[in-house]
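Trainee: First the structure, which I've put down as structure tokens, then a few questions once you've had a look.
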């Protein structure tokens, strides 16, 4: 007891707002149910497993801990009274019994470094300790607070302003994406005023984040009462976040569909009382997808051990689980966050609160998935075995990782389903930022590669444009289906059954089947670029554009564009199979740069007013997009980048590139630096850097000025000679910061999607490990007997060394 009294100064009584971790170790996945229980630091209120609490003492000197140990109760299920549920919920008071085993908790005070143990509760303990422990035990844990905050939705009242809401007839039409605050550059946390259609940013947070208060200030100036948050409008409108400024709370707008339609946002086509034949087909296909992708009905052999740990679904978090399982099957990430970095090393580098450190939480996740510590078989219900019972694993819950990776992306912090592609790109961006200035230690660069476009005008002269990317997004040429005969027979059968008033069965439905090679060829195939201004001919003409890769990454990620926009801007999923071989050779896609005998298009003359490599946007396409409410510059870029091929193609480009960092950069760029915004070069020049070094730094940092500055200071020996000269001369010189090698690849894994859109449904990963295919379906991990290779959404290929 004297040891405790001498350390009372290191004990704090938590405030009501204090974040208290008591359900999971902040550097491992140990819980109070683990063999050693959990130790809560009574000063920092962080939790640590038995093997890690000593590290915290070494780092902080905090000696007093509350030890929590949970032990499974032995009572029989029939001993518990059965109550009639009163709420449509599971595992909460009034809800359905979740049939989970019951646990009893035991507590004690532990003082490091000698692990002196004192019982709790005990009247002999100092009052300060008793008050502190009571506060910890009564508080809602930070882990559960975050989960409840994500799930809980307050009951909303109908706004009194909704029924007679004034809507101005001002001709405003709101596009489905590409929103931006009308008074600043904010592209997130945007609100549409339902009276005049103005799009403005939300309130500014106490720490300076969030919006700039433009939406609420607009209400103060105009008195227009209701606004809906863009990005929260779902097909059935139930998830829309409507805010009433005079009532100062979120409300229900029963006429929201009508109010949105006033500004061209029409969801009435999704509110049908009867399914069409096409919708019935889609419904049957979804059921078929679900069974095939999840291998339902197959006798899946469960797997356990290192590399076979499942991720528990936190509530529509399968997009995260499937993506991270594939990521941590890649050598670059395994080395960085597992083999080459111990938990102790990551913890020692982490800030005072390791739960908010991405490096720490990535290392925690890597060790959780790859060590095998949390991948042991457990029985379904009890400790008795039977012929029908099969072992399973509990898996790990990536709550802290999800919290920290979502901190800079509000959509990922919700419990709504998300696009696995969008999450992957956000994740890679965060990893690259974290390793800024240290390219040799950045595992995200193993995905990075260069793309080069070649433009040739009728004069025979050429121009080259280059950019970097992390994924190769492929269109699916349905016209190249390899089962056209079967499709024709299916269409005849479909028409016959429709005439007879009969429905097709799932077994009768035939889907187009397209080879991956045709998708890759489509990317590289020559295409016409209309209205191209040739400085050689000094006139507009039709040029031929081809594309290729300037480098081959360690891991090539292929994104199949299965989601397109149909009439009314409603997303539609292509019903198609992709024949994907387990090995591919993309060597033929390498861009060769300027060839002997080729001549570059001349620079534009000062009087031309148009650049040599600049395609002019088709005015009709731009006008149609602008009439939908899109930004003029964005529309021009969309037309140019789709070679003026049409409104639909331009719209698809806008959907994919609205969040590009350079989307607002002027179209006219310095001829000597076609891939970099000249204003960013000028910023670095004003800091005293040479132009070639500035260009190289901006290329290495993806065009971010701050990261480019860090790169320059982190590479003091970097040569001012830049590969930009090669780019402007048409050469295909490889960026020395990009990985490169041969073009032969082996399929490492793929992520499949079930559902009508990326915002709903389910994601599953299949990964080739130890000579066999393995299915990762949330916490379920097992041998895959029939991997659905033709149903992938994202394919991950690993380069084969020569």
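Note that Cβ sites are derived from N, Cα and C of the backbone, with glycine treated the same way.
Per TrEMBL, the features are:
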type     : residues           : note
DOMAIN   : 157-267            : domain 'UBP-type'
BINDING  : 181, 184, 201, 214 : Zn(2+) binding site
DOMAIN   : 309-800            : domain 'USP'
ACT_SITE : 318                : active site, nucleophile
REGION   : 589-610            : region 'Disordered'
DOMAIN   : 616-657            : domain 'UBA'
DOMAIN   : 675-715            : domain 'UBA'
ACT_SITE : 762                : active site, proton acceptor
Trainee: Near the domain 'UBA' (616-657), which residues from the same chain, at least 6 beyond its ends, have a CB less than 8 A from one of its CBs?
Mentor: 172-175, 177-178, 180, 264, 473, 527-533, 540, 545, 561, 564-565, 569, 610, 663-664, 666-667
Trainee: Work out how many Å separate residue 201 (Zn(2+) binding site) and residue 318 (active site, nucleophile) at their Cα atoms, rounded off.
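Mentor: Taking the Cα atoms only, residue 201 (Zn(2+) binding site) lies 30 Å from residue 318 (active site, nucleophile).
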Trainee: What subset of the recorded positions 181, 214, 318 lies within 10 angstroms of the residue listed as 'active site, proton acceptor', using C-alpha positions?
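Mentor: Those close enough are 318.
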Trainee: Of 181, 184, 214, which is closest to residue 318 (active site, nucleophile) if I measure between C-alpha atoms? They're all binding-site residues.
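Mentor: The answer is 181.
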Trainee: Averaged across the domain 'UBA' (675-715), what pLDDT does the model get? Just tell me the whole number, please.
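Mentor: Taking every residue of the domain 'UBA' (675-715) together, the mean pLDDT is 64.
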Trainee: Which residue among the recorded positions 184, 201, 318 has the fewest other Cβ atoms within 10 Å of its Cβ, if you could check?
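Mentor: Checked 184, 201, 318; of these recorded positions, fewest Cβ neighbours within 10 Å: 184.
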Trainee: If you take the centroid of the Cβ atoms of 181, 184, 201, 214, the listed Zn(2+) site, which other residues of that chain have their Cβ within 8 Å of it?
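Mentor: Not counting the recorded site residues, we get 182, 183, 185, 186, 190, 200, 211, 212, 215.
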Trainee: I'd like the number of other C-beta atoms within 10 A of the C-beta of the residue listed as 'active site, proton acceptor', please.
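Mentor: Around the residue listed as 'active site, proton acceptor', other Cβ atoms within 10 Å: 20.
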Trainee: 10 Å Cβ neighbour count around residue 181 (Zn(2+) binding site)?
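Mentor: Its Cβ has 21 other Cβ atoms within 10 Å.
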Trainee: Starting from the Cβ of residue 214 (Zn(2+) binding site), draw a 10 Å sphere and report how many other Cβ atoms land inside it.
Mentor: 21
Trainee: Just to be sure I understand, if DSSP states are collapsed into helix, strand and coil, how many residues of the domain 'UBP-type' (157-267) fall in each?
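Mentor: Its residues fall into 15 helix, 22 strand, 74 coil.
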